[in-house]
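Look at Swiss-Prot and you will find D6, E7, D101 tagged as divalent metal cation binding site. Swiss-Prot lists 1-195 with the feature domain 'RNase H type-2'.
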Amino acid sequence: MICGIDEAGRGPVVGPMVIAAVAGDGERLLQLGVRDSKTLSPTKREVIYARIIEVADCVNYVVVEPHIIDEYVRRRMLNSLELDFTARLIELCPAELYYVDSPDVNSRRYGDALSFITGRRVVALHGGESVPQVAAASIVAKVIRDRLIDILKREIGDFGSGYPSDVKTIEWLRLGKIPVECVRRSWRTLRYLNT
C-alpha cells in the first residue's frame, strides 16, 4: 500500500498549518477526481474529501498551531517542523511506501531524513500531487485548514486570506484585530508592521 503526505497553510501569517496523510488504492482515488487541491474549487474539494474518507485505508492529519510554527521558525527550522510532524503521520498510517511533497529544495535529503527517522521507505518529491495519494492528502489538508479558518472568520470577521500578500489581512494585522494566538508572530510581515 502507498501513503501520500502533503500540507496546507505553510505560507500564511494567520492560522495553522495542516499536514495530512492518505493511504489507499491510487486508482480508486483517481476515480474520485483526486488531483492537486489548488486546482479544485472549495465546494469540489469538500465533495472529494468526503469520498476520500469513505474509500481510503487510512486518513490522518495534524494541525500545527501558530505558536508551534513560531518556535521552529525562531530556530530557523521550518523544514524540521514538517519533518517532525510528517514522521508522526508515517507512524499513524501504515504503508509499504510513502510519497511526501517535499518542502526542502533538496527533496532527496528530505526523503532520506524521513526514512532514517521512521525506518520506512520514503520518497520525497516536489509537486508530488502527480501521485494520487499525495493529491488526496493535499485535499484533506486544505479542507481541514479551510474549515479552521472559516471558524476563525465566524468568530472575528473576514480578515482576508491570511497570506502576507493580502491587503485586507495586513490591514487587520496592523489594527490588531486578529487574536495573537492565531498569528505567526515570527513571520517577517509582523516585523515590517511593527517598524
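Yeah, the Cβs are placed from backbone N, Cα and C, and that goes for glycine too.
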Quiz item: Taking the centroid of the Cβ atoms of D6, E7, D101 as the divalent metal cation site, which other residues of that chain lie with their Cβ within 8 Å of it, listed in sequence order?
Solution: I5, A8, I19, A20, V100, P103, G128, V134, A137, S138, A141
Quiz item: So how many other Cβ atoms are close to D101 (divalent metal cation binding site), meaning within 10 Å of its Cβ?
Solution: 26
Exercise. For E7 (divalent metal cation binding site), just give me the three-state DSSP call.
Key: strand
Quiz item: Name the residues of the same chain, 6+ apart in sequence, whose Cβ is under 8 Å from the Cβ of D6 (divalent metal cation binding site)?
Solution: I19, A20, V100, D101, G128, E129, V134, A135, A137, S138, A141
Quiz prompt | Confidence summary (mean pLDDT) of the domain 'RNase H type-2' (1-195) | solution = 93
